[in-house]
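Below are the features I grabbed from TrEMBL:
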- 12-31: transmembrane segment (TRANSMEM)
- G19, A21, V22, N26, S276, N308, L373: Na(+) binding site (BINDING)
- 43-64: transmembrane segment (TRANSMEM)
- 85-112: transmembrane segment (TRANSMEM)
- C124-C133: disulfide bond (DISULFID)
- 193-211: transmembrane segment (TRANSMEM)
- 220-240: transmembrane segment (TRANSMEM)
- 269-290: transmembrane segment (TRANSMEM)
- 302-326: transmembrane segment (TRANSMEM)
- 361-382: transmembrane segment (TRANSMEM)
- 403-422: transmembrane segment (TRANSMEM)
- 434-458: transmembrane segment (TRANSMEM)
- 478-498: transmembrane segment (TRANSMEM)
- 518-537: transmembrane segment (TRANSMEM)
- 596-639: region 'Disordered' (REGION)
- 625-639: compositional bias 'Basic and acidic residues' (COMPBIAS)
Amino acid sequence: ADERASWSRHLEFIITCIGFAVGLGNVWRFPHLMYSSGGGAFFIPYIISLVFMGIPLFCLEILFGQFASKGPITIWENNPLFKGLGYTMVSLAAIISIYYNVVVATAIYFLFASMQSELPWASCGNDWNTCNCRTYDMSRNLSDPLMWFNKSGLNCTGKETAVNGVRGSTDEYYYNKVLEATDGIEDAGKLKWDLTLCNLLAWVIIAVALIKGVKSMGKAVYFFAIFPYILLTVLVVRGVTLDGAKKGIDFYLKPDIDKLIDSRVWKSAASQIFFSLSCCTGSLTAMSSYTKFNNNFIRDSMIIPIINCFTSFYAGFAIFSVLGFMSENSGVPVDQVSRDGPGLIFVAYPEALAQLPVPQLWSILFFFMMICLGMGTQFPSVETVMTGLQDEFPVLRGRRANIVFRLLVCIAGFLLGMPQTTQGGSYLLDLCDFFVGWPLMLIGFFEVVAIIWVYGFFRFTEDVLLMVGHSLFAKITYYVYFSWGMAIATPLFILFIIGFDCYDYERYPSDAPRWAEALGWLIVAFVMMWMPLWYIIRFIVAIFQNPEGLPLWQLFVKMNQPTKKWGPQNPEHRTIPRYQQASAGQQPFSDPVHLESVGNSNLSLPPPYPGYAHSPPNYPANDNKGFESSDIEIEKTKF
């Protein structure tokens with residue numbers, strides 16, 4: 001077998017995970033969800049989701065990849081019937097990467113637009129402006145409305161604009177110039193070639209960074225993950241000194257408690273935790289598969305989510321202080337001053353940049369920061385798709401095949417993103433962003449079921465202690481918090497969110513045609529279909545290739561057991577009896593697991609039987625009459 005690549009330094013893994021978790025979701029998705037969910041009210045479900053779901057799931061995924069050193073598809077040797085879950089994760093990572101890259105492309109567009117003698121969004125006298133346009137230094141009711149429209153030939157004499165009809169110059173630049181947005185998703189309009197070329201450039205950057213895999217990515221993330229914090233601090237300082245900033249910060253911190261009975265707020269909070277921590281897309285499993293076997297993942301899984309959530313909270317001050325400033329200028333309430341979605345970040349932040357000294361310099365630095373944040377997330381996300389497929393299909397790992405395959409993935413991502421760079425593409429992007437919340441939660445639930453309950457809690461705990469049993473702090477933290485969090489709190493909380501949202505479901509988007517909502521559910525179906533398809537087809541194949549003629553229930557139990565390939569990749573780490581038996585070709589996983597023998601632990605649990613979710617039949621270890629699920633040969637069938 002080819003030697004698996006690894007991180008040059010563990011710090012590269014930490015920074016990559018931070019760059020992956022701390023991305024545009026912190027300065028785009030988190031603020032816009034706060035904005036549309038009643039301000040500070042969003043914090044309550046967000047923190048609850050973090051503690052009872054986010055951190056345990058984050059830990060589960062990085063320890064899963066670290067233990068087996070495999071990608072999100074091939075790793076399911078612990079339960080072959082759940083391998084379809086790996087394909088589901090990779091499919092979801094691909095969809096998110098496609099539409100997320102369009103947001104990065106928009107930041108690239110703004111970066112180029114900033115390289116002008118005057119920022120194009122700082123004035124109202126342009127071809128794309130309307131009579132409703134106002135800048136921060138204009139009166140809302142001008143006695144001479146022609147004073148900024150003469151050069152564009154737009155005559156606004158006698159035109160009266162209601163207070164709620166006023167639009168900022170930045171708002172009009174984004175929607176009327178950058179997007180040229182149509183009236184709805186039903187009108188796709190024409191392809192925006194300028195935005196499409198920016199999307200192409202973003203995919204070229206990704207291809208260059210990932211052409212050599214994790215080795216080249218590890219070096220790139222040092223800059224892409226650290227630099228944004230410097231710029232973000234500058235924007236926070238400038239934002240809180242603007243007139244009206246207090247109004248926006250009050251909206252940010254003061255909760256609208258009535259919003260807590262809205263199921264969409266809870267689902268948005270849960271999906272934001274999944275989205276920002278990058279859980280349930282297979283990316284964390286892929287990245288952690290390159291770490292050392294005895295790395296203290298307990299420590300990592302506490303540090304990275306906390307840094308991520310602090311960054312979201314910190315970035316909120318920058319954007320809501322600007323929203324307060326825009327509200328003060330336009331006379332419109334904070335919750336109506338801008339539209340939500342990606343437009344929030346491409347309206348509020350540029351508005352603040354226009355007020356800084358030498359605005360062109362700060363705009364260039366800011367949008368370069370946005371590109372860094374986006375790429376810090378895109379690199380691991382796209383690498384997940386590549387790693388998952390290359391681990392599953394080794395023919396793609398060859399030196400030349402590796403390069404060709406990675407280039408083809410990036411080309412496919414660009415082509416599939418073209419519908420979102422049309423004039424109506426922003427509506428499609430919003431649709432994708434809304435509906436990916438469902439697969440994220442469903443994948444999280446089934447991931448816990450497969451790894452904790454079907455594989456077995458005591459087996460799982462033994463694997464954990466095999467990696468970090470040398471650390472007393474890690475053992476105590478696992479038993480006190482992570483064990484019950486993963487096994488009980490996380491699946492129950494996910495079921496609560498799903499049930500609440502089903503009970504209080506409202507069609508989305510409410511003003512769009514029915515086919516748009518159907519398209520959203522087709523996206524959900526495409527992502528989720530791989531798991532039941534693989535489960536059913538693999539079991540049917542096993543029935544026809546049943547060498548011992550076992551009854552169906554015994555065959556089902558055996559197919560839900562680990563194969564002989566499951567366990568640490570390096571033989572030196574396979575130190576407990578069941579992995580030693582598997583290495584020797586004996587029947588593993590039939591003997592009780594004794595946790596007190598792992599890691600010299602003083603914290604012990606009773607032997608697992610009958611505690612396993614599915615206890616296998618007690619076949620003798622060496623009679624060669626039992627069979628492993630890996631013994632069922634399937635003619636290289638790939639689903």
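Just so it is clear, glycine is given a Cβ too, placed from its N, Cα and C backbone atoms.
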Under an 8 Å Cβ to Cβ limit, what residues of the same chain, 6 or more beyond the ends of the transmembrane segment (269-290), are close to it?
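For the transmembrane segment (269-290), the list is 4-7, 13, 16-17, 20-23, 25-26, 29-30, 33, 37, 42, 45-46, 48-50, 53-54, 57-58, 61-66, 68-73, 75, 86, 89-90, 92-93, 96, 214, 297, 304-305, 308-309, 312, 377, 380-381, 383-384, 387-388, 436-437, 439-441, 443-444, 447, 493-494, 497.
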Among 43-64, 302-326, 403-422, 518-537, which stretch has the highest count of C-beta pairs below 8 Å with the transmembrane segment (434-458)?
518-537
Quick one: Cα separation, G19 (Na(+) binding site) versus C133 (disulfide bond), in Å?
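Just about 37 Å between their Cα atoms.
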Please report how many Å separate the Cα atom of C124 (disulfide bond) from that of N26 (Na(+) binding site), as a whole number.
30
Do the transmembrane segment (193-211) and the transmembrane segment (12-31) share at least 3 Cβ pairs closer than 8 Å, excluding pairs fewer than 6 residues apart in sequence?
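In this chain the transmembrane segment (193-211) does not contact the transmembrane segment (12-31) - fewer than 3 Cβ pairs sit under 8 Å.
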Let me know the most crowded of the recorded positions, choosing from V22, C124, C133, L373 and counting other Cβ atoms within 10 Å.
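Per the Cβ count within 10 Å, the most buried is L373.
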Do any residues of this chain, six or more beyond the ends of the transmembrane segment (478-498), have a C-beta under 8 angstroms from a C-beta of it, and if so which?
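Contacts with the transmembrane segment (478-498): 48-49, 52-53, 55-57, 59-60, 266-267, 270, 298, 301, 441-442, 444-445, 448-449, 452-453, 457, 461, 464-465, 468, 603.
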Between V22 (Na(+) binding site) and C133 (disulfide bond), how many Å separate their Cα atoms?
34
Please indicate, using numbers and ranges, the residues of the same chain that are 6 or more beyond the transmembrane segment (361-382) and have a C-beta under 8 Å from a C-beta there.
16-17, 19-20, 22-27, 93, 96-97, 100-101, 103-104, 107-108, 110-111, 114-115, 119, 202, 205-206, 209-210, 217, 220-221, 223-225, 227-228, 231-232, 234-235, 278, 281, 283, 286-287, 345, 349-350, 353-354, 409-410, 413
Given a Cβ distance threshold of under 8 angstroms, which distant residues of the chain, six or more beyond its ends, lie next to the transmembrane segment (302-326)?
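Here the qualifying positions are 14, 17-18, 21-22, 25-27, 30-31, 34-35, 46-47, 50, 54-55, 58, 136, 168, 229, 232, 235-236, 239-240, 242-252, 276-277, 332, 334, 337-338, 344-345, 348-349, 351-352, 355, 477.
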Tell me, how many other CB atoms lie within 10 A of the CB of G19 (Na(+) binding site), whichever protein chain they belong to?
26
Take the C-alpha atoms of L373 (Na(+) binding site) and C133 (disulfide bond) and report the distance between them in angstrom, rounded.
31
Spatially, and counting Cα to Cα, which of the binding-site residues is closest to C133 (disulfide bond)? Options: N26, S276, N308.
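Answer for the nearest of the binding-site residues: N26.
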I'd like the number of other C-beta atoms within 10 A of the C-beta of N308 (Na(+) binding site), please.
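N308 (Na(+) binding site): 26 neighbouring Cβ atoms within 10 Å.
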